Every structure is written in structure tokens, then in C-alpha cells.
Amino acid sequence: MRGGRRLLPLLLLALLRGPCRGRETAPGAVTCGSVLKLLNTRHSVRLHSHEVKYGSGSGQQSVTGVEASDDANSYWRIRGKSDGSCQRGTPVKCGQAIRLTHVNTGKNLHTHHFPSPLSNNQEVSAFGDDGEGDDLDIWIVQCSGTHWEREDAVRFKHVGTEVFLSITGEQYGHPIRGQREVHGMPTANHHNYWKAMEGVFIKPSMDPAKHDEL
């Protein structure tokens, strides 16, 4: 599994350099299995993680926001809340439970009852190995309409603790100077809107028998 995970960024790079770059395709729904970057629309930073652990709280892998649009550590894969619950290429519905798996490290977007280091909101981390963590990795996509559309700003509400994935602008110092704190907030507001940006968006298979389950 770990060897395959190392190859995934190379495969992703090849796809992005090919003729079907994610943001050059026609707008449509975000689909299961897609790999993308998520932009916080209020603060114009992308959801990011890396092999840097928090020095306080849980000590798990940190999740931040970065301004750079070309950082490979900002790719996340859309997966179902459990194996088989999100068929590859199927549009993600508003209200659907998903996991967001960090491509380069294989850890899931996660939150729990630890204070975040800068704002004292709820810490958001990356947790698990090879895409397998626990029930605190599950988020509900909140959007209007039927499906999560690429052009729409959406919220992610945590199932286990009912907070919203948010950024309010606090910046870290060394060793991740300038990166923004990502945390959970109990209220829905303009700090917790996210939009799908660069990525590879999987199209539904023409043959239902060929669907892969994630």
C-alpha cells in the first residue's frame, strides 16, 4: 500500500499535465474518487497538510491553509464514509457523508476535542494510515441543490463533533511560517465556505459494471 501511495502523486502529476486538466473541463458535479484542492473563499487559501506534527494538542499531523496554488501537498481525494459507499465517478450529493484523504500522506481530514494552537477553536488534523482512520474522519457536505457543484461554495460539517471546517486567518511561525490555522467552529459563517479548485475530476463510467468502489 505504501509503495502505491508514493506512486499516486506521480500519476496525479501526469494526469494534470495531460489534455484533460481538471479545471479546463466543463463545470459539473464533484464526484467520488476525484482528487482536488479546496479553496477557503473568505481567506483565499487552499486546504493543506504535510508531515509536520502539532507541537501541542493531539500531536497529530497538522492541517493548514496555504496561499500557493501549485503546492502538491494541497491535494485531497474524495471518498465515502466507508468502503463501497461512494462509487468512483458518482456525483457527491448535498448532505452526503464523505472522507477527505490527503494524497501525499494517506491520512484523513480529522477533528476532535483538542484546542487548536492559535485560536483555541477545535483542532483539525490529518489522521490514520493509508486512508484508514476512525469515525472522526467523517464530514457532511453542506450545499444547496442536489449535488456538490464545482462552481459552488460549500461547507463541511463534522459528524462526530458538529463543527464546521474553518479558517479565520491566524498565521503560524516557524517551521510553517505564513501558513494559516485550520480549525473547527461551532457556527456556520463566512469563514467556513470552500470551493473546488484544481484537480482531476473523475467522470462516471459508461458501463456500470466497471465502477470501482472507494
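For all residues, glycine too, the Cβ spot is worked out from N, Cα and C.
Copied from TrEMBL, the annotated features are:
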SIGNAL    1-22  signal peptide
DOMAIN    27-81  domain 'MIR'
DOMAIN    89-144  domain 'MIR'
DOMAIN    145-199  domain 'MIR'
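In the domain 'MIR' (145-199), helix, strand and coil residues by DSSP number 3 helix, 22 strand, 30 coil. In the predicted model, the domain 'MIR' (27-81) has a mean pLDDT of 96.
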